[in-house]
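Here's the structure, in structure tokens; my notes come after.
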Amino acid sequence: MLKSLLIIVIVFLHRELCDGIQLILFDNWPSAQNVCASAVADATANGQCTTKSIQKHLELLTVIILLKLFGVFHRINQQHGCSGDNSVKSASYAINAVASRTSGELDFVFVGPTCTTDIRTIGDFAEIWKSPVIGYEPVFEARGVQELTSVINVAQFSVGGVAETLVFLMKELEQVEITLVGSVKVLPNGLSLSNDLRSYNEIMNSFKIREYVEVDENDVDWTKVDQKIKRGARMIVVCADFYDIYSAFYNIGIRSLSGFRFIIVVILNKPPDEILNQPNVKNLLYGSNAFIISPLQEQYSDAFSIMQDVIPNLADDQFTTFLRIYHACYAYCVGSVNGAETQTDNYHTAMSGKAVTTKYGTFTFDNSGSVLTNYAVFTINPAEMTFESILTLKSVAKSCDTYNCFQLSPNKTSDLLWTLKDMDPPDDCVAKSSCVNYIPHIIAAVVIVTIIVIAIVIIVKQRRHKLNIYKLTWKVPKESLKIIVNKNADAKMQRELENRASNTDNAAALTSRRRVFGSYALVGTQRAEYVQFKQIRKINFPETTLDYLYSLKQLQHDNLAKFYGIQVNDDIMTMTILHTLVERGTLEEFCLDRDFGMDDTFKSAFMRDILKGLQYLHKSSIGYHGHLQASTCLIDINWVLKLTLYGVSNFMSDQLDAENIKVPEQAAHMITYPQYVCFPPEHIREYDDSGKQPPRVVRGSPKGDIYCVGMIFYMMVEREDPYHLIHSVERPNATLIKQILNENHMPRITDDYRQENMLLEMCKECWDRNPDKRPTIKKLIESISTVYPLSKGNLVDQMIRMSEKYADELEQMVAIRTADLADAQMQTMRLLNEMLPASIAKDLKNGLIMPPRSYESATVMFVQICDFNALMKRSSPEQVIAFLNDIYDQFDTVIKRHDAYKVETTGETYMVASGVPHENEGRHIFEVAEISLEIREISYIYVLQHDKNYKLRIRIGFHAGPIAAGVIGIRSPRYCLFGDTVNFASRMQSNCPPNQIQTSEITARLLFDSHEYKFVKRGIVHVKGKGEVNCYWLNEHLHEETEPPLPPMTPVPNPLRRGSIVPLQKA
């Protein structure tokens, strides 16, 4: 009572001293005054507040000072929340008394109060005083929106808005009833979401509430709550008006309810970033796939940052309240500047439909004086654990009915969880709490069965592996092994050197280059390189050795020469280790040959090949190479580097140590001295400086392989032997061995700046005496990529990139070289397209992988030149080559006019296919028929330049059917065809008489319906592998304009009618 009297006295004194109090702020937070002052200041700066309003704001601050002098806070409501003595109502009565004494000369605009119930009380008095109330907390007025016209609300939330949003969500999910869950107690602002929502629905009857569950957080039996919820509707609507939201959600069990296929909906009166921002609450909601209905606050984080400029210590749960206070004070100015003064009717009219723009965004009033609020339905984004909008509903003003002056316009932003409507409803046992969860039992059974299956698979694989070990697949029988000694090796070597010296064409020299072998082995029909020892006694291999040799036999890699096996324990008393023979040359020969231009392309490709093969070995069960030298790096015919003699050095050392074998006395040194000093010091054995005995086999290890890689890379970069000992095979230098072992001696590296210096520094790291400090293969690969950035991939890839590089360089040259550039580009693409079909070549060039595939129907044709061997005997090689080039070029010209592809030419045979890789919808048979007729016409008129009397005769056969095709080969890819259709077409050609085009009856019938082709029935022909086949000859294409003469025909005996040619009889 004393408080009310003080307020009356203070207001009366201010009335006598000042022009009047216009703005009264109800709030119990000290920062509210700053926010309100900020709003008035911003409105003034934006020209939305009158000079009189500014004076009134200053008068408000004066009243605040007077209140403080009397020991009374400037906020009329002194209580926290909405409990205790109702001071707001007391203050309202006091102000009413002052207003009565001043006979209406004192006008008021009320902002607030915090309690929603008190807004109704203040609003009722304001109706009498004709003073407007700007509320910033949501109010549900059961009497209707037109019954409280003195209240203008900026709360940006309404019970009707969330109710209509819920109705729309229910329609989308095809639900007609809900279970409503809320707190018995109200929120600090006096709002009870669940009670107001139920009251609204009782009036509007928008949906059916099957169960209404009120929860008293201080005294609750959660078991009963759980049973009541499960007996209710499938859609459970939880109003988040709890003091401890996490505990309430956890005890309600929203995650388990979601597991029972209930639909969880959470309703908030503020944005989720403010109420549900705790990580544990987010995790709980994400696990339940809950929908969250709340007001939509655009750019929440930006607005929060702006508010922190006014209130530095702003808490997460205070933002919306202060934002509403700001909007209320700002609206006070906007109403005043529009001439509304402080009269209720004028203020209400001025603000209806008004759009107000502030630094926090724009808000618009409807016709009832309430702010139009947009709503959203959120879910939890699992990737970032943030709130993601899946549905927004925009409020649009409309003519007011009893409770709403707006309608919602929905917009779906995601279809993430709308599939919930297709899920089955909860089981009946859920409501009875009688469900039995069999999932743990099923999981346990699955785990046990899986363990048993895995154990069985492991046991079977181990047993099968053990059986394979004892099959001795690596053992080469002596009967299939034959050693071939090349007695003319020295003479061949001399001729090879002379050819290299005399051949100035580097490309031709590289193509023709071959190794000269003193001897080699034949394993069956396959040639192999070998290392042979004299066997002293029979060797008993333990199981570990058998397993090792079996694993060695199973190795398969593009950069490894195949390990054939070992011949051992035979009566010839030798042990022979065999690998695939690679003919072109060793890396050592190429490195030391100064005439060979080893540019960055070759270096990078060979280095990568070495590391790829070595990486495969290190990751396999073999684990090492052991004999890695430039001489054991072999270059094959396709310029692919392959490693040989891998994984056997430790095996050979063990047998030598056990004296089971020995090096033959007359055999050449297995390891030359220049190779010996390039092995890692930790594996070098003592060397016989007398030179009478060859070095022992050196053991190997993965770290030792890295040391040898450094030596090989040094040789490739410097193009010389690391220790300049290439001619020191006969007399070793024992001093050098001791320097390497004891003085850390290593190859000399100059200080000259070069691009490859980084690689040489990496070589020095490879030679570190501590094996653990040597670089890894991955690091070596990275160094190669750094040193040779433009050389990547294998040689085929690099050749393509080199062509593109050269093309780019040529384009920048002067006009005189433009023609050369175009020619180089044309030749590059022509060569590529000769190897592969154009579409396949293009895809491979773009780095795509071309998997093999099958074609339902395609046509394959073979053309063979008759009497080719006789022609070769009476012609020189140059004349034969010129003839083949000439005739095949004419054939190629025919192919280019049709949808077909030349697969390959082999001697006198020419192979064509249509329908692959480009499927032409059945046109392939007609394309090949046309090609065959045109090629035969060429043969009729062809004149051989060096033999004018020679008559060219050809055999043509084709067949249509299913086919398989794919790119074979990685280093030298070719597009190959497979299948019975290819074999059948080949048989048609081989069984065909000269100057005829032969096909089977099955293929001929594909051309019958066109009525454009004339066939002759040959009859039954015995075809190898096919049996008796009814064959036809294709004679001509019946064109409309003219009919070309029939080709000459060679009578062939027919099994059905001898000496006759039977016209085709269509079925």
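Glycine residues also receive a Cβ, built from the backbone N, Cα and C atoms like all the rest.
The N-linked glycosylation site annotation in Swiss-Prot covers ASN411 and rests on sequence analysis. Residues or ranges marked as topological domain 'Cytoplasmic' by Swiss-Prot on the basis of sequence analysis: 460-1067. According to Swiss-Prot, the domain 'Protein kinase' annotation covers 509-791, on the basis of sequence analysis. Per Swiss-Prot, ATP binding site is recorded for ARG515, VAL516, PHE517, GLY518, SER519, TYR520, ALA521, LEU522, VAL523, LYS534, and the stated evidence type is sequence analysis. Among the features that Swiss-Prot reports, domain 'Guanylate cyclase' is placed at 859-989.
What Swiss-Prot annotates, mapped onto the structure for a quick look.
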| residue | record | DSSP (3 states) |
| --- | --- | --- |
| ASN411 | N-linked glycosylation site | strand |
| ARG515 | ATP binding site | coil |
| ALA521 | ATP binding site | strand |
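Largest Cα-Cα distance over the residues recorded as binding ATP, namely ARG515, VAL516, PHE517, GLY518, SER519, TYR520, ALA521, LEU522, VAL523, LYS534, equals 26 Å. Calculated from their C-alpha atoms, the gap between PHE517 (ATP binding site) and ASN411 (N-linked glycosylation site) amounts to 81 Å. The candidate set comprises the recorded positions ASN411, SER519. Of these, SER519 has the most other Cβ atoms within 10 Å. Taking the Cα atom of each, ASN411 (N-linked glycosylation site) and SER519 (ATP binding site) are about 83 angstrom apart. Look at the Cβ of each of the binding-site residues PHE517, VAL523 and count the other Cβ atoms within 10 Å; the largest number goes with VAL523. Cβ-based crowding with a 10 Å cutoff singles out ALA521 as the top-ranked of the binding-site residues ARG515, ALA521. In the domain 'Guanylate cyclase' (859-989), the DSSP tally of helix, strand and coil residues is 54 helix, 41 strand, 36 coil.
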